[in-house]
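See structure below.
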Ligand code: FAD
């Protein structure tokens, strides 16, 4: 049987290592801390939560709950330790981060088939004797990121995340906005929110006055001029936004027959067209202020935001282009990518990625057939998102119902209550997950 090398002792790495070891593989877990740290880690502990201590909602039939339920049923080692380190946090699973890390470290130390090597990995090889799980995270060391670029192609690695806000389509005031394509080129797929001069001036003032999230020093140089946050553009000049993401040129308003003074464009986010993103509206505003300022956009006065804008450093690969649906690099199938580096977003999603990668790596090491989890499941939907999205402009995602397959049209029409629809989606997901786990188990020795 081949050995398994896991690179990264954050969230995905330890889960992958424990999964592969529990399936009988000899595992070497590489972690560069404390010899070399990242800009966000404070300790040399395994499973350090670098920011909040929340693994998100535990409300029954929510998408984060579904993901965690699947993980529990699959025997996620890190989720077990998270449950054991939980602190009161209403409907969320929040943990005592020190206790959580200590428990994960104990589980790794106690496992007879895991060897820990504290060194920075700078080269990736395709040795015949081992399978590699790369889980070096959003702050992968530069040397290793360079190596990954060499293997995948220089344009397949992103170094920061700029996330535009997403709005619930049903909360857009369609009386105030209009569909149009710039210069009438192509189909009129974009929703346009037209500003008068007065509305633009008021929006600009509010944007400039809004409270911003303080970025860490190490994040600042990561901006690309082509993708600046709107608060930075506003700071550069009163008209900069009107020549950038709020450009009105070529967007004739059918009500006036003229171009507006400024315009925000909304682009359809998913096939169901029930959510739209605000094109180019990545920003640094705190969420509370962001809600107030974005609701000054004509047509969005009562908007419900499904996601707020963000911008931060994040290394991730262009998974739809380079990964297959068992997390293997298409061109180097003995290397699997897990965690945030693979284009999932969030602590829980990263652990879930580690769970799958550890199991896939073990199956590969044992020479067994790999089976992707069903599309109905939260794990299957995350995998589907990162491997089947549009490669151009690919951005990481959290688990949401948007990623899960919707109910059939007939059922959707019949069941008006969103909560009930989500309950059915969760029930189906857990059923399919159970079947997948049972089939996988039958392939492996006890
Ligand atoms: P990590 O947990 O970062 O683990 C990667 C590990 O690999 C690290 O221990 C690192 O030291 C090691 N490593 C890197 N390069 C090498 C190398 N060359 N050789 C050996 N080891 C190496 N998500 C949330 O859900 N909530 C939050 O509040 C949140 N806050 C975040 C704040 C910041 C600043 C960042 C960057 C991300 C945040 N995330 C958050 C996103 C994400 O969930 C976390 O980054 C999460 O830790 C990702 O898990 P991971 O296992 O993929 O990577």
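Cβ atoms here come from the backbone N, Cα and C positions, even for glycine.
What TrEMBL says about this one:
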- 8, 9, 10, 11, 12, 13: FAD binding site (BINDING)
- 3-368: domain 'MnmG N-terminal' (DOMAIN)
What other residues of this chain sit with their CB within 8 A of the center of the CB atoms of 8, 9, 10, 11, 12, 13, the recorded FAD site?
6, 14, 15, 16, 31, 46, 47, 135, 136, 137, 338, 339, 350, 354
Based on Cβ atoms within 10 Å, give me the single least packed residue among the binding-site residues 11, 12.
11
As a test of the contact definition, list every same-chain residue at least 6 positions from residue 9 (FAD binding site) whose Cβ is closer than 8 Å to its Cβ.
29, 30, 31, 33, 46, 47, 116
What is the Cβ neighbour count of residue 13 (FAD binding site) at a 10 Å cut-off, with all protein chains included?
30
Grab the pLDDT values for the domain 'MnmG N-terminal' (3-368) and give me their mean, rounded.
92
